[in-house]
């Protein structure tokens, strides 16, 4: 990995050059680009050249690659706007004094102008949480479907490019990527990172910028405290307010869930007790997890305090779903109970109908027997003897007993003879 540290804040750059001017390089001008030496294709860039010599009339030229006609024989004082830039503008530039036609001063140090947006942007993959503890190492990966020869990682603080890290690509099955390890982390490593891809044959022509990743350093100050204004047991459709309080004179407070920042910071307010506080209003739909808060200052927004103790919040959606599930369960139980009651009622009706009918039949039979007994009470004592003979389907019924066996006195005994003639 090759590290190249560049400062593109022109005032700071000039301060360093003025210090070196007193050390023997008085006639040498210095050159920088504003707002950055990485210029998106189609935009303009301002070249600034300055020195202690008077009068300050300069010329600038491009050392390599295609010549820029816009710069040919053009003089300027201190600044020169060029663009809209194309890939031909990529390269190394120098400036020099042009006081008299035959007098040319020493040339400035080279300034690289890089044109971005030539290729499709890569993707910068950050750690699971963008919050890094002081002293840790952080690994960022730049991925692309294009087989770039090299990747460049840039760090921005206060919208100014601070550092460029270059790493050769590593092939994988779906393109190429490069890993960048940063650390041990200090406040100087915090900031916004982006990455680019490029080819070795045109190192001044980069891809479009990846989406930015913010890396924040924690643990630089004492931790605040986080609490809920109301009970942490959430009620459906009810907002939750979290309060972050500290004795430290923080200017901003930040909220995170499971290590991921939640929205932007909130300005701190001093309470009646003299403490500094910020209140975070959460929407009715809350994701469950451990919440923490941090304190910071406006002039170093990427440097945070140690995290507060965690405050666990359940998800309101889960409670709502639980209420729905309980309601469905109660409804199912009621339906089952109603079905069971209906079945029991049907069984009782069938049972009642069956035994009512049987009782009616038994009563009718009892009435018939009682009627017969009332009509002929002495008949029960009669002795009946029946003889049946079958002969050609002719029936003869003799109610008279044989003469030889007839007693002299009348007898109530009756013998019935029946002959059947077949």
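One is the number of the first residue shown, and numbering goes on along the chain from there.
In case you wondered, yes, glycine gets a Cβ from its N, Cα and C as well.
Keep in mind the model is a prediction, meaning the values are calculated, not measured.
Residues 330-350 are the range that Swiss-Prot records as transmembrane segment, among 267-287, 288-308, 309-329, 330-350. Distances between the Cα of residue 244 (disulfide bond) and those of the recorded positions 49, 142, 195, 200, 299 are shortest for 299. It is 200, among the glycosylation sites 200, 239, whose Cβ has the fewest other Cβ atoms within 10 Å in the structure shown.
For residue 44 (N-linked glycosylation site), the same-chain residues that are 6 or more apart in sequence and have a Cβ closer than 8 Å to its Cβ are 81, 82, 83, 84, 85. Taking a C-beta cut-off of under 8 Å and a sequence gap of six or more, residue 195 (disulfide bond) has these contacts in its own chain: 122, 124, 140, 142, 151, 152, 153, 154, 178, 180, 209, 210.
When the alpha carbons of residue 137 (N-linked glycosylation site) and residue 293 (disulfide bond) are compared, the span between them is 22 angstrom. Around residue 142 (disulfide bond), taking its Cβ as the centre, 26 other Cβ atoms fall within 10 Å, counting all chains. For residue 95 (disulfide bond), the nearest of the recorded positions by C-alpha distance turns out to be 200; the candidates were 200, 239, 293, 299.
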